[in-house]
Amino acid sequence: MRLRSCKSARFPYKGKWQESFSELLAMETFKRKVAELQDRTTNVFSILLNCFQKYEINPTPSAYSFVIKYVSHRCLFSQIPAILDHLEQEKTLEVPEKIFLDLIQVYGKANKLQDAINIFYRIPKFRCTPSVHSLNSLLSLLCKKKESLLLVQDVLMKTPEMKIRFEASTFHILIRALCRNGKVGSALELLKTMQLEEYNPEAKIYSMVLSSLCRHGGVTEVLSFLEDMKTAGHLPTAMEYNSVIDVLVKEGKVNHAHSLLEELKSEGRRPHVLSYNSVLHGFCLANDFQNVEELFDEMLVMGLLPNIFTFNIYISSLSQQGKFERAYRMISCMDKIGCKPDTQTFNILLAGYTKAGEKEKIRGVKKEMVEKRIQWNSNTYSILIEGLLHNCETLEAYRLFKEMLGNGFVPQPSTCNALVCSLCEMGKHTEALRVLEVMSKPISPDAVVWEALLYQFMLDFRRKPFDFEGIIGDS
């Protein structure tokens, strides 16, 4: 008996293994052909169709997924609509949602947000039921930038029509975006909605809202939410307590901040050194030096190692009380524990000695700064200049002012104002105008400066004709 042709004799119909084998061959052929492409304008999808038609099969979902990734990676976005149209017409093909998840991400990376939205709305036309995964993928993209947040509302309005139910992860995406953009009131409302929907918000959602409240909310709101967080069974971390303590200190409620520190300890948890620093700073601002002493000692007893900020606050407290020797001795204590004093540390000492008129001590601090290679900053110069002006050493202050400018520092307005007034009182109009010229660039002189200048000009004019043009020319 004579055999028929190979095609009809061997494959009267295709079995499952034969189909899989044909798909594999078609994909290998396709990959080989596109690897040889030189012209970027070639229609890649037509090559895919030809490869599969050669084996008398239709492209599979994985083939569609591959070709979409291929053209996307090469930024051939104009070819994607034809691929999607063909996929939509394949009525017998079950299209997995992952194709659209990938495509939404592709459009997002290319900043084609409207295309990402359109493909999300179009998912049901591909005989695919969209889930919360597609919604979350789209929302994550839209919530990344502030300007695209306006598009979120439209998406959420159409979500019920697509029969997609929010999950906790969806609320998490939205709350995080609102907190990041300072819309903490809306985030709180969404958190309440989440609870009404019988979801139990995770601790990290409470943490996000608390952090946003500390940045954008008031003390009352922060404290109220802190209690709600505890009631929900989520104890704030030591750092979250520190954020609340910072808010209280900034609002002048240092005693309440101290109570919160005690509450943290009563829960059996060790406060962070930052929390102590915040409360110490609050007591120092309130001139409550007794509590500064007690709290500093408590840190040491608990075995918490003070950092540079702790020491600077404590040294400032001692300086404000006139306890300069104790303040100065803290430098050696810092050295012993390996905490190197910084420019701010020495500025605090200089400010205290300057206020007390301790010239020798000031010279000693300046010498130690040189020995320790501590760089001066704008505040250092301002402290010294204002101290010299206070002691009527105007010309020395002017010399230091020029040195300050030469080192690239911008003087503070108060320093300039005081120097101009002192120079005018000495009749040093040329120098005063030079300071005024510096002031007119980054900062504006106040009314007192102009008054001092005009007053001295009038006095000199009465004594002799005043050469205003000569001064301007010299400056």
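The backbone N, Cα and C atoms fix where each Cβ goes, and this holds for glycine too.
TrEMBL entries are annotated by machine, without manual review.
Now, the feature entries from TrEMBL:
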DOMAIN    84-193  domain 'Pentatricopeptide repeat-containing protein-mitochondrial'
REPEAT    167-201  repeat 'PPR'
REPEAT    202-236  repeat 'PPR'
REPEAT    237-271  repeat 'PPR'
REPEAT    272-306  repeat 'PPR'
REPEAT    307-341  repeat 'PPR'
REPEAT    342-376  repeat 'PPR'
REPEAT    377-411  repeat 'PPR'
The predicted model's mean pLDDT over the repeat 'PPR' (167-201) is 91
Contact set, same chain, for the repeat 'PPR' (202-236): CB under 8 Å, 6 or more residues outside the stretch:
168, 171-172, 175-176, 178-180, 182, 184, 187-188, 191, 194, 243-244, 246-248, 251, 253, 267
Other same-chain positions with a Cβ less than 8 Å from the repeat 'PPR' (377-411) and lying at least 6 residues past its termini are 343-344, 346-347, 350-351, 354-355, 357, 359, 362, 418-419, 422-423, 425-426, 428, 431, 435, 438-439, 442-443
